[in-house]
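A.B. asks: What follows is a single structure, and I will ask about it in a moment.
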Amino acid sequence: MKKLLTFGLLFVLVFSLVACSSNSSTSGDEGSVEKKTEDDKELVIATGADMVTFDIHDHNTTSTEAIHVNMFNYLVKRGEDGFDPDLAESWENVDDNTWKFKLREGVKFHNGEELTADDVKFTLERVANDNKLLEHGNYSQIKEVKVINDLEFEIITHQPEPALLNRLSRLGSGILPSKYIEEEGWDKFLENPVGTGPYKFVEWKKDDRVVIEANSDYFGEAPKWNKVTFRAIPEDSTRVSELLTGGVDIATNLPPSDWERVKDNEATEVAQGPTQRVMMLVLRQTEGHATSDPKVREAIDLAIDKQAILDSLMEGSGTVTRTRVTPGNTGANEDLYGKTLYDPEKAKQLLKEAGYGDGLELKLSAPNGRYLKDKESAELIQAMLGEVGIDLKLEFLEWSSFADKYASKSFDDMFLIGYGNSMFDAALALDRLSSKQAEGETDYNNPEVDKLLEEAMSNMNAEERAKQYQKAQEIIAEERPQIYLYQLDAVYGVNKGLNFEPRLDEMLYVDDITVK
Amino acid sequence: MKFLIKNILRIIPVLFIISLIVFLLVRVTGDPVSLMLPETATDAERAQLRESLGLNDPLYIQYFTYLGDLITGDFGESFRYNQPALGLVLERLPASFGLAFASMLVATLISIPLGILSAIKRNSFIDLFITGGAVLGKAMPNFWLGIMLILLFSVQLNIFPVSGTGSLMHFVLPAITLGTAIAAEMTRLIRSSMLEILGQEYIRTARSKGLLEAVVVNKHGFRNALIPVVTIMALQTATLIGGTLITETVFSWPGMGQLLIQAVNLRDMAVVQAATFIIALLVIISNLLADLAYRYLDPRIKYD
């Protein structure tokens, strides 16, 4: 028996040595990856989830669109300042409901067919009219696309739609080859998708890889890579190991626990950049809830040290904010970005004034595993609120049960959530706080905010519209129906031989990735 | 023949019950609509999607529709891929079968020599080492072993690829990960089965005839000890399939296990139903084969 024990222990020891040596490796020689070099014309990117479909109108996943952007083109591209031409060369507002576009000449689909206004009509009317498609809600504002000639067309909206260009420069707007689809059928397209982009489809092996190759007929700058592979590797540690061994050049969604490993390796580094996702607490103002008292809401805000959460859970990545409409979005209020309030003494004072000097019990519901460190953040918030005398009861829910409660608007005092914004427009971010939509959820009701949101909704004067949204954000920051915590960063592991800049929209335009 | 027909007929009610349980479980544990739409979706969008997925019908109507389709072999469409669920599952089977076969090979290659050795050298230092190793092999969680193997053989030593498919080398680590627990189980079984046989009268007779020890062990001992082992191998199918769920995810192996895990996470009902149906069928068939193998290997066994 003794012998058995000895050998058992030895076995365990060997394995734990392996485990430890890789976790605490500081020598920088872990893995065998070498830096990417100039003559290497193949790029491999590992993502956490497989692409879901080539039906560009029937999905809403960022990680799928991140691949599609290399195969399809939008009419316009979101630029640094406003919108840049892509398939459309120029555009103008004919009247409030009519937008006139002119297409670039000589653009060819991967199958050799020429791009015409008919393709635009086919693409946009499909998603605008078919309410079974997941993206329908974001395009139902379009009434029709009127073809003027091969290169010119008009988009007519039901109501004035100031955010039309925002809609046309995102998921669901890649222009499809109408002739190919009408002749060969939709199933054929899904098997062998055709776009206008710099890369064409080679193969998709589900839950394994998507392969694309350079399109030599591309109308823009020549593609930089011969072949690009997107591998789906759901397990975090496997994805990191692939990066460390040179199996992949870029790994998305790097968990904080693995940053050290990637940084310590000689040939890999960590790249991070802001995303559209802002974490927040949503507070009920319904009568009978202590959170209906503005002083209590302010006290909660002041009691939470947001920067400390970022520092202790996310290695300092992420940006504190007092608004959800962050820079890069139409109508962003930059005065509220990068700012945070933290004053526990004042928080105690406010609670006393509100009549809760002897303590207050509140309930917070939070998802577990949906967002980066969501559970841990909620626990830190609990501790911080405890410091000022708020006894916070936590309820953790697996995402699908959380989503059920969210949909039925049946949370108690507060819930923790992270909202994205694929529209890059303040409307999508703020409309939830109009009294009509907030009913039953926050029960927030401010006629001034309602009026600002209502007017901005159809205001075709871009400058004035932005001001209306900025004003609304100021009021919301003071009244706190939502307490904003921070904007999350996207974190990537990257081969040091590559230039890679994370994008705010998390798209992976492979031609923006170059060898150093 | 009668035995076979009877057992095949028995499959039908079993599959029926399994399909009912899975149907209810998938619907009770979460709402696919909430999982498919982003946080910013409006109530109207939710209602629309619910309608188009056919989730507004009462549960019993949904079940009868499902059963009706099932009889014609239609498991419905995957929410995630918008494709027929059965096709998605069947398209993954070869990858999973390949992995399962390789794991079984690993398990057999490890367990037969070790099992025999530890039986012959009973209570020796070697025996203790092997049985101790078997306990450990059985106790190590699949995913942990997989990650450790990647760290050691891929990251540190750079011998095998980390994940994915494409070459024979890709099989090695996942097959060891999945095969270890089965090898452990089989080693112990072969050992005890061998010990029992080696104590039999006819072994003593063989030895007293002056046969070489190797011949005694091999021809008289191992051949007979193999009977329970063969059936156990068939019965390991369920363990194998359970193991593929995790192993395939760790090694991003594009098989049925990974498909099922993701389908469960997204409440992709049609795929969960189709995959569990196929798995149930595989387990039932392999159990049936185990029965048949047993009868074939040992003619004394008769069932009614």
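Using the three backbone atoms N, Cα and C, a Cβ is placed for every residue, glycine included.
From TrEMBL, here are the annotated features:
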DOMAIN    B:93-290  domain 'ABC transmembrane type-1'
TRANSMEM  B:7-26  transmembrane segment
TRANSMEM  B:97-120  transmembrane segment
TRANSMEM  B:141-160  transmembrane segment
TRANSMEM  B:166-184  transmembrane segment
TRANSMEM  B:225-251  transmembrane segment
TRANSMEM  B:271-294  transmembrane segment
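Could you tell me the structural context for the features on the list?
C.D. replies: With a cut-off of 8 Å between Cβ atoms, the residues of this chain six or more beyond the transmembrane segment (B:141-160) that come close are 169-170, 172-174, 176-178, 180-181, 243, 246-247, 249-251.
Beyond the transmembrane segment (B:166-184), the same-chain residues lying 6 or more positions past its ends with a Cβ under 8 Å from any Cβ of the stretch are 98-100, 102-108, 110-111, 114, 133-138, 140, 142, 145-146, 149-150, 153-154, 160, 236, 239-240, 243-244, 247-248, 250-251, 253.
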A.B. asks: For the transmembrane segment (B:225-251), which partner among B:7-26, B:97-120, B:271-294 gives the most CB pairs under 8 Å?
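C.D. replies: Between the candidates B:7-26, B:97-120, B:271-294, the best contact partner of the transmembrane segment (B:225-251) is B:271-294.
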A.B. asks: For the transmembrane segment (B:271-294), give me same-chain residues lying six or more residues beyond its boundaries with a C-beta closer than 8 angstroms to one of its C-beta atoms, as numbers and ranges.
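C.D. replies: Cβ under 8 Å, 6 or more out: 3-4, 7-8, 11, 14-15, 18-19, 22-23, 26, 66, 75-76, 78, 80, 85-86, 88-90, 93, 227, 230-231, 234-235, 237-238, 241, 256, 259-260, 263-264, 301, 303.
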